[in-house]
Amino acid sequence: MRYLPCLLLWAFLQVWGQSEVQQKNYTFRCLQTSSFANISWSRTDSLILLGDLQTHRWSNDSATISFTKPWSQGKLSNQQWEKLQHMFQVYRVSFTRDIQELVKMMSPKEDYPIEIQLSTGCEMYPGNASESFFHVAFQGKYAVRFRGTSWQRVLGAPSWLDLPIKVLNADQGTSATVQTLLNDTWPQFARGLLEAGKSDLEKQEKPVAWLSSVPSSAHGHLQLVCHVSGFYPKPVWVMWMRGDQEQQGTHRGDFLPNADETWYLQATLDVEAGEEAGLACRVKHSSLGGQDIILYWDARQAPVGLIVFIVLIMLVVVGAVVYYIWRRRSAYQDIR
């Protein structure tokens, strides 16, 4: 059987020695999305992530895997990388053909269009410990996993998957290859990348935060928005506060990537108009060294009041000058 991604990666076992001991957890993920519109049209795109950083990209329209980092080759020589890439190329052609055969076998229970996602890799822990995973989603829903020595249908997945899973598990060669992939290949390849990309992975970028407001969908309410951008790594804590009290109505949106591989996040709070006084947005991030960012909503309003005050003072001064000039001219005319 050739259903599985990266089956020939067992050859990697000859490549690496021991890497430096890491100080934090990282996730290494190989992601694949395959779409089959019909028996004659399909598309497969893949990428590899180490932590939050993308290290490789493979478009359906490209015959070769693209590096997205200078260190994406890890500890592999050029020859070793070319050999690996060829294995991936053989795999992609085989995967497409095997899925088409699977659809024929399962028809009419399942038919086109079909969407399949694969996620495989490992969680890496300090001390060279790791835990690998291999998950498969069908039509956008988690359906199959590889655990121990066999493939398993997950709870809630359609029962018709039992047949292809039985076929897969009967192929002892494939099962052994997947075990090698998960137990040896992924952890060693990932640690080679970790060592090569250490400086990028350990960088710290401080967040920038600012406040704004938008009309709320609720009548008489205002939605306060705390924007946080430009931070790396991804974990961040953002909360609306009143004094020391966290505002449980705080809603945090999705993390959005910036072009420079930093992140953006916003936290909103819906309040009654006039109740925003005394609120503040608090931001915690590893790059801040414990010096949290605290933005007070009242302080945001201060510049507006200050501007109004300055304008009023200027009007008074201008008025006084005009009055002084007018009095001087009047006095001069009286003398004449």
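Every residue, even glycine, has its Cβ placed from backbone N, Cα and C.
Marked as signal peptide by Swiss-Prot: 1-17.
Sequence annotations record features per position, and here Swiss-Prot assigns topological domain 'Extracellular' to 22-305.
Positions annotated as N-linked glycosylation site by Swiss-Prot: Asn25 (among others). Asn25 (N-linked glycosylation site) falls within neither a helix nor a strand when secondary structure is assigned with DSSP, and so counts as coil.
Residues or ranges marked as N-linked glycosylation site in Swiss-Prot (evidence: sequence analysis): Asn38 (among others). Neighbour count (other Cβ atoms within 10 Å of the Cβ, all protein chains): 12 for Asn38 (N-linked glycosylation site). Look at Asn38 (N-linked glycosylation site): DSSP puts it in a strand.
Summarising the annotation, Swiss-Prot assigns N-linked glycosylation site to Asn60 (among others). A C-beta separation below 8 Å, combined with a sequence spacing of at least six in one chain, links Asn60 (N-linked glycosylation site) to Arg43, Thr44, Asp45. DSSP assigns Asn60 (N-linked glycosylation site) to coil in the three-state reduction, placing it in neither a helix nor a strand.
Classification of Gln172 (D-galactosylceramide binding site) by DSSP places it within a helix. Listed in sequence order, the same-chain residues six or more apart from Gln172 (D-galactosylceramide binding site) with CB atoms under 8 A from its CB number zero; the list is none. The D-galactosylceramide binding site annotation in Swiss-Prot covers Asp98, Asp171, Gln172, Gly173, Thr174.
Asn128 (N-linked glycosylation site): 14 other CB atoms within 10 A of its CB, across all protein chains. Feature annotation from Swiss-Prot assigns N-linked glycosylation site to Asn128 (among others); the stated evidence is sequence analysis.
Classification of Asn183 (N-linked glycosylation site) by DSSP places it within a helix. The Cβ neighbour count for Asn183 (N-linked glycosylation site), using a 10 Å radius and every protein chain shown, is 13. Among the features that Swiss-Prot reports, N-linked glycosylation site is placed at Asn183 (among others).
Among the features that Swiss-Prot reports, domain 'Ig-like' is placed at 207-297.
For Cys226-Cys281, the entry in Swiss-Prot reads disulfide bond. Taking a C-beta cut-off of under 8 angstroms and a sequence separation of 6 or more, Cys281 (disulfide bond) has the following same-chain neighbours: Ala209, Leu211, Leu224, Cys226, Val238, Met239, Trp240, Met241, Ala267, Ile293, Ile294, Leu295, Trp297. Taken residue by residue with DSSP, Cys281 (disulfide bond) is part of a strand.
The transmembrane segment annotation in Swiss-Prot covers 306-326, and the record cites sequence analysis as its basis.
Look at Swiss-Prot and you will find 327-336 tagged as topological domain 'Cytoplasmic'.
As annotated by Swiss-Prot, motif 'Internalization signal' applies to 332-335.
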Between Asp98 (D-galactosylceramide binding site) and Asn128 (N-linked glycosylation site), the C-alpha gap once rounded to whole angstrom: 36
Asn25 (N-linked glycosylation site) versus recorded positions Asn38, Asn128, Asp171, Gly173, Asn183 - nearest by Cα: Asn128
Neighbour tally for Asp98 (D-galactosylceramide binding site), based on other Cβ positions within 10 Å of its Cβ: 15
Separation of alpha carbons, Gly173 (D-galactosylceramide binding site) and Asn128 (N-linked glycosylation site) (Å): 27
